Ligand SMILES: O=C(CO)COP(=O)(O)O
């Protein structure tokens, strides 16, 4: 089961976070290539920057790659940073910006996230802009307003070539998944905000859900009318789980 036939093709976006060496990444790509058949969902692997080049060579055709973060700067004296031009040259299609782990551990503000998204777009990358509330916000019942405010700030000056991922922080890596209804509530609200900004183009944009997605819940979540795919952490590391999720989406 996938999102409505009129909507965009379902995207299974895999966020490896800080896992796998370049050698392990290449082996993973080869393992996937041995089993992969193009199906209903599109697949993209967001790997650590150092692994991207080798991974792309090993992956089967039709599977995209992306970065997990990008500098807001063009080039120059920014030790340790990766530029959008570098990611594009390494054949990336996507880059995650504003993941909750970057916001929490690296102090990234909405304005910084928007600057990264603009820089990604300037180099032909599609930013996957992450938003989502923490447990305290959810318990106060303010999750919709909080997430939409974060979204508006994170899309400042960003055009419609964008993917939005709703990742409630309390569901990330906790095994505590939002229900399909929770995911749809926010995805619909996000769609409304995208419509205000981009008009009818919003209907063709992807809104993903992320947070403890795995083979046994991916289909019900991605089957919601406004959910066009998933951003997957833990279950993206094993080829078996990825194939399981792809099978569930057929
Ligand atoms: O943060 C996530 C993807 O970006 C979600 O991680 P988990 O799938 O491990 O909960």
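Including glycine, each Cβ sits where the backbone N, Cα and C put it.
In TrEMBL, annotation is done automatically, which means it is predicted and not curated.
As annotated by TrEMBL, substrate binding site applies to 15, 16, 17, 173, 212, 233, 234. Under a cutoff of 8 A between CB atoms, and with a sequence separation of 6+ in the same chain, the neighbours of residue 16 (substrate binding site) are 25, 45, 46, 47, 48, 68, 233, 236, 237. In the three-state DSSP classification, residue 16 (substrate binding site) falls within coil.
Taken from TrEMBL, the feature active site, electrophile applies to 99. Neighbour count (other Cβ atoms within 10 Å of the Cβ, all protein chains): 28 for residue 99 (active site, electrophile). For the recorded site, residue 99 (active site, electrophile), the DSSP three-state label reads coil.
Its own atom aside, the Cβ of residue 167 (active site, proton acceptor) has 27 Cβ atoms within 10 angstroms in the protein chains shown. Taken from TrEMBL, the feature active site, proton acceptor covers 167.
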Close-lying binding-site residues around ligand 1 among 15, 16, 17, 173, 212, 234, where CB distance stays under 6 Å: 15, 173, 212, 234
Query: Other than 15, 16, 17, 173, 212, 233, 234, which residues of the chain come within 8 Å of the substrate site, judged by Cβ distance to the Cβ centroid of those residues?
result: 172, 232, 235, 236, 237
- prompt: Counting all other Cβ atoms within 10 Å across every protein chain shown, which of the binding-site residues 15, 212 scores highest?
  reply: 15
Statement: Spatial hits near residue 99 (active site, electrophile) (Cα distance within 10 Å) out of the recorded positions 167, 173, 212, 234 come to 167
